[in-house]
C-alpha cells in the first residue's frame, strides 16, 4: 500500500545531508561545542524554540533552519539509551537521559537503531560540553545535542500525552562583531563628557539657591550661604582605602552571593539612581525655567517644599520602582542605563580629584585591582572572581545592576554587551579634573588636557572591545586599557609641556574652584 511519507531510509539520508555530515569527521572528537537552537512543532503547528549545545563528536549542524528537515521526537526505551531501544527510532530524534553509560555509547545505540539525531537530557538546568569516551572509538555520523532537564521534561510531558512533537536543531552563526558594542561605547564616552561639562551645561550660578528645595533649610533667606558644600575631595589615603574596600566587597560577593545579597545592591542602586535622576532633571529644568521652583507646599517634617522638586522626586521614585518590577523584561536595559547614567553624573559632581598625584595613586590601584581580579584570581580561587560576580552566578537569576547594558541586536542568541560603572567612574574622575584644570588656567581646547583625555578614553574603550574580540569573548579588565590611555596621556602631555609639576601638586585657589552649586544633590525624603 503506498504511503504519503518518505521511506525511513530516504528520510535518514536526507537528514544526514541536511546536517552536513562529513565522513572524514566521524572518527574524530575535535569538534568545537556549539550553542544550538531547537525549533519545535506540536501537532504540526510551530511552537517554542529551545536552546542546547552540540557534543564534541557527531555530525555538524546547519546554520539555517530548514523546516523540511524537521523530524519527530521519540522517547527511547530504555531511557538511558545504554542498550538497543525497543522503540522504533528510524528517522527520529531519540531522547535519552544522562547516566549509566557514556555519551558515545548512547549515541552509538541510537544511531544503530536508525535515529536521525539524539538529544541528551541533562540532570540539571545547565549545559556542559559533552566529550568523547576514551575507551570507545568514535564513529557517530548523526547530530548529538544536549538539552537541559526542564526542556527534556517539557518534551517528555508532550510525548507521553500522545502529542506529535517534531524538532529541528540548527546552529546559527554568531556575528564576528556585534554593532551593539558601538552604542555601548557611545553611551560610556557620552556619560564621561556630559559629567565633565555638567557645570557648564546647567549654568548653576543662576539657580543654586533654588535647587535643594526638598531641604527645610532652603526656605530660609540665607539658606544658600549656610549649607556646607557636598564635595568629596579624594586624597591618596582615601584612594588606597577605597580600592581595598572594593576588593573586600568583591570577595564577599564571590563567596556569599545570593538573591538577597543582589537585592541589597538593587535597593542601593535604586536609591542612588533616584537621587541622580532628581539631581539631573531639576538642574536641567531650572537652567531653562528658574521660576519653576517658586511655588511651594508645606509638608509635615519637611516644612516648605518646592512643588516642582517634589513632583520630580515622585517621578524618579516611580521610574525606579517600575524598573524593579520589569527588570527581567527585554526592555529593562533602558531604565537601568538611564538610572545608572544619572547616578554616575551625580557621583562625578560630588567626588573630585585635587591633582594628578592623587589620580595616579587611585588609577594605578584600580589598574592592579582590575587585572588581579580578572586574570590572576583564577590561580587562587579556581575562577575569575570579577567575571563570576559580574555573571551573577549563584544569584538566583538576579543580576548586579551596577553596569550599563545594551542588547546584542544582531546576535541570534541575544544577550547584552555590558560595561561596569567603575570603568566609567575611575577614568571619569581624571577627565573631570582635566576640565576643571583647563578652566582654572584658562587653557584652550587644543592646548588643554580635556580634549586629549576624552580621545584617550574613547581609544581605551575601543582597545578593550578589541581585546574582548581577540580573546574570543573572555572578560577583559577594561582599566588595563583605560588607565594607560587616560593617565598615561596626561603624564606624557604634562612632561612634554613642562607642566607635570603643576599637575602633580595642583591645588585649587579656593573651594569654589573645585566645587560648583550643581554638585549639590537633594537629601532623601
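Cβ atoms are placed via backbone N, Cα and C, with glycine included.
Per TrEMBL, signal peptide is recorded for 1-24.
In the predicted model, the domain 'PA' (79-155) shows an average pLDDT of 88. Residues annotated as domain 'PA' in TrEMBL: 79-155.
Annotation comment: TrEMBL describes 182-201 (among others) as transmembrane segment. Proximity of distant same-chain residues to the transmembrane segment (182-201), defined by a Cβ-Cβ separation under 8 Å and at least 6 residues beyond the stretch ends, is recorded for 283-284, 287, 337, 341, 344-345, 348-349, 404-406, 417-419, 423-424, 427-428, 431-432, 434-435, 450, 454, 457-458, 461-462, 465, 516, 518-519.
Proximity of distant same-chain residues to the transmembrane segment (238-256), defined by a Cβ-Cβ separation under 8 Å and at least 6 residues beyond the stretch ends, is recorded for 358, 361-362, 365-366, 369, 373, 381, 383, 385-386, 388-389, 422. Feature annotation from TrEMBL assigns transmembrane segment to 238-256 (among others).
Residues or ranges marked as transmembrane segment in TrEMBL: 262-286 (among others).
According to TrEMBL, the transmembrane segment annotation covers 307-326 (among others).
Taking Cβ pairs closer than 8 Å, the transmembrane segment (332-351) reaches residues 187, 191, 194-196, 198-199, 230-232, 234, 269-270, 272-277, 279-280, 319-320, 322-323, 326, 401-407, 416, 421, 424-425, 428-429, 432, 516, 518-519, 521 in its own chain, all 6 or more past its ends. Feature annotation from TrEMBL assigns transmembrane segment to 332-351 (among others).
What TrEMBL records for 358-381 (among others) is transmembrane segment.
Residues or ranges marked as transmembrane segment by TrEMBL: 413-433 (among others).
Here the transmembrane segment (445-466) has long-range neighbours at 181, 185, 188-189, 192-193, 196, 419, 423, 427, 430-431, 434-435, 437-438, 476, 478, 480-486, 488-490, 493, meaning same-chain residues at least 6 beyond its ends whose C-beta is under 8 angstroms from one of its own. For 445-466 (among others), the entry in TrEMBL reads transmembrane segment.
The transmembrane segment feature in TrEMBL is assigned to 478-495 (among others).
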Tally of DSSP helical, extended and coil residues in the domain 'PA' (79-155): 17 helix, 14 strand, 46 coil
Surrounding residues of the transmembrane segment (358-381) on its own chain - C-beta under 8 Å, 6+ positions past either end: 234-236, 239-240, 242-243, 246-247, 250, 254, 387, 422, 426-427, 429-430, 433, 475-480, 483, 486-487, 490-491
